[in-house]
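> Pasting the feature list from TrEMBL:
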TRANSMEM  A:40-63  transmembrane segment
TRANSMEM  A:127-144  transmembrane segment
TRANSMEM  A:164-186  transmembrane segment
TRANSMEM  A:228-252  transmembrane segment
DOMAIN    A:229-445  domain 'ABC transmembrane type-1'
TRANSMEM  A:272-293  transmembrane segment
TRANSMEM  A:300-324  transmembrane segment
TRANSMEM  A:357-375  transmembrane segment
TRANSMEM  A:427-449  transmembrane segment
Amino acid sequence: MVSLFFLLIVAVALAAFAFGRSRGRAFVGGGARLHSLPVYHGLFLATLCVLPMLVALAVWTPLAPRYVEARTLAALPADLAPQNALEQEGRLREARLVALGQFAGTPDPGIAVAADAYSGARTEAEVALLVLGLAGAAAGFAFGRRRLAPDFRARNSFEHVTKVVLIACSGVAILTTVGIVFSVLFETLRFFARYPWYDFLFGLQWSPQTAIRADQVGQSGTFGAVPLFAGTTLIMLIAMMVAGPVGLFAAIYMSEYATPRVRAVAKPVLEVLAGIPTVVFGFFAALTVAPFIKSVGETLGLSVASESALAAGLVMGVMIIPFVSSLSDDVINAVPQSLRDGSYGMGATRSETIKRVVLPAALPGIVSALMLAISRAVGETMIVVMAAGLAGNLTFNPLEAVTTVTVQIKTLLVGDQEFDSAKTLSAFALGFVLFFFTLALNIIALRIVRKYREQYD
Amino acid sequence: MTTMPNIELAKATAAEAADEAVTKVVARDVNVYYGDKHALHDVSIDIPEKAVTAFIGPSGCGKSTFLRCINRMNDTIPICRVSGRIEIDGSDIYDRGLDPVQLRAKVGMVFQKPNPFPKSIYENVAYGPRIHGLTSSKADLDEVVTMSLKRAGLYEEVKDRLTSPGTGLSGGQQQRLCIARAIAVNPEVILMDEPCSALDPIATAKIEELIDELRENYTIVIVTHSMQQAARVSQRTAFFHLGKLVEEGSTEQIFTAPQDKRTQDYITGRFG
Ligand SMILES: Nc1ncnc2c1ncn2[C@@H]1O[C@H](COP(=O)(O)OP(=O)(O)OP(=O)(O)O)[C@@H](O)[C@H]1O
Ligand SMILES: [Mg+2]
């Protein structure tokens, strides 16, 4: 039904557009000088017709199901009247199945009555949508048609429409973000209602296994998240120690030393690295790098866990090299050539020029590239799931298995979950911390950039 | 402009003196190619010491290209190829054994657009002495910075804010800062590529005055589009056209009695 309505909207829009445009052309044919091109007359009329239809749909969508439900429930005979929410849910479902002819067996006569009411109410609701939509379109058409005239500023009116559409789109983006943040925030608060926040933020032990049955041993989990934060930080540091220097130096080579031909080959290759799915990196980390590190470590007489922070961090570092390098490459290229010329003209060598002039001038961009890379590293899941392990060890030894915030969120939410157990809710709390951290990182990056700008521009 | 430019020849006597001066830079049969494009054809010129030589000519005729040959800045352009001979004080600067980095300390350059580094005023001037290790102590360096700023006529204006960014100065001040930066390494030759084209008349007048003072200690080569400027600041003038050096001589002679028809057309504003 709703899809039919969309088709109707398209049809109405096309018709109104064609009409408006032909009116516009008719004005031209009549010798008048138009303020706006005929196309704008068409667009104006089409917008006026479509908008009321969309509004009708927006109003109808939440109201219609309630109306249908209310009618169905009202039609139930007294002996079947539901006593609680669960029963009500069941009766409605039965009525719906009967109405759609998918009910297995013979329904209770009372339910059959309700099913009839259900079908009737649905038809009414659909007709209402059609009538409402068409009436709106007609009203819009009548209103718009009267305004069409040679000197009508359809162009400017359509400009308003464009603006509203653009605002609406950015509004959707912003509201979704805000919505997600708030839903995570509320779940987090629910978690903190059950579990003290300071134990979560400062607790040193993470073992979220809540008992399913009340008589099980170890019935309440401990949600001290410090080991997760430590693990995340450790892996992030290892990753940045790889990606920071390698990415930056690669960018310097690409932008300052590479001949155009080398650059034409090397840049796309680096970008392919960015396109490899993280799960492939995870594979690589778990099956190649981790065993390699273990065997090397053992040759040196070190004890290395088969899943180690080092393996995950190294591979993650490789993964984010292209982020660092391509962003830094852009900012280094944006440094004006005149500064380099100035430095060469003073008798500076290439590396002196890079170190003393180019990099300082590109620093704000490089800092933000690094911050972005850190956000990526902190939010990355697949590699750590596969290579870093699940054990919540509180350690800064890169040879041991650690776990990270993202891995635990994934672990907590995989499988069947009760949606209000402390275990499930703790995932939201972790997510919130992660979000907060990334946000703080971005704000700090912005600050650094701004401070630097003040100093030098 | 259809008449002869208003030429001020107050320095005609200086120009005559320059004729007998020692030659600092000698160029013979210099050809420059950008890839397949032959940008400069057989340029030969003598540039006298402690005098100002102006390069004039229509846009794209190769003035900057030739200027950049003198301190081997063209080396930084991958597609650029230079042949011929350029000597400074009798030694070939394109010699294999010669280090272009060392050469550029001896032959400084000031660019068309002021390009101070995004550093403090002090650091801008200290840049050259630092990379070449010219000073041994902080006091030495301070001395060099102050001296250079004074010579560039900027010291009085910036002495209270040496630590503020060089990019925060006005365009004319920035250009004088760039001159101070070039002077700080104690070069023998200073190349200036349209140093006033981004400046207003007052800032231009200041720079011209400065160039006139610097002439006592340095060999200056300046590219300019303003014939008045060439007449005001230079003792010798070279006219380039379509990649060739058409005519070269004392400024007075070029502006009053040009030998070549093209030079005459150019300075009377018939083309370019
Ligand atoms: N980097 C380069 N790559 C390719 N061609 C170049 C390059 N620089 C200059 N050229 C070419 O060489 C010729 C001479 O250029 P040059 O910059 O020396 O002219 P100019 O006399 O300085 O001009 P203007 O007065 O406009 O500065 C021009 O035809 C120009 O297109
Ligand atoms: Mg030029």
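Backbone N, Cα and C define each Cβ position, glycine as well.
Predicted automatically and left uncurated, TrEMBL annotations should be read as such.
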> Excluding the flanking five residues on each side, which residues at least 6 beyond the ends of the transmembrane segment (A:300-324) place their CB within less than 8 Å of a CB in that stretch?
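Hits for the transmembrane segment (A:300-324): 231, 234-244, 246-248, 250-251, 270-271, 273-274, 276, 278, 281-282, 284-286, 289-291, 293-294, 369-370, 372-373, 376-377, 380, 383-384, 387-389, 397-402.
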> With Cβ-Cβ distances below 8 Å as the criterion, list the same-chain residues six or more beyond the ends of the transmembrane segment (A:427-449) that contact it, or say none.
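Distant contacts of the transmembrane segment (A:427-449): 181, 184-185, 187-188, 190-192, 200-201, 223, 225, 228-229, 364-365, 367-368, 371-372, 374-375, 378-379, 405-406, 408-409, 412-413.
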> Cβ pairs under 8 Å only, please: of the recorded stretches A:127-144, A:164-186, A:272-293, A:357-375, which one is richest in them relative to the transmembrane segment (A:40-63)?
A:127-144
> Under an 8 Å Cβ to Cβ limit, what residues of the same chain, 6 or more beyond the ends of the transmembrane segment (A:357-375), are close to it?
236, 240, 243-244, 247-248, 252, 256, 320, 323-324, 327-328, 330-332, 334-335, 339-340, 342-343, 348, 438, 441-442, 444-446, 448-449, 452-453, 456
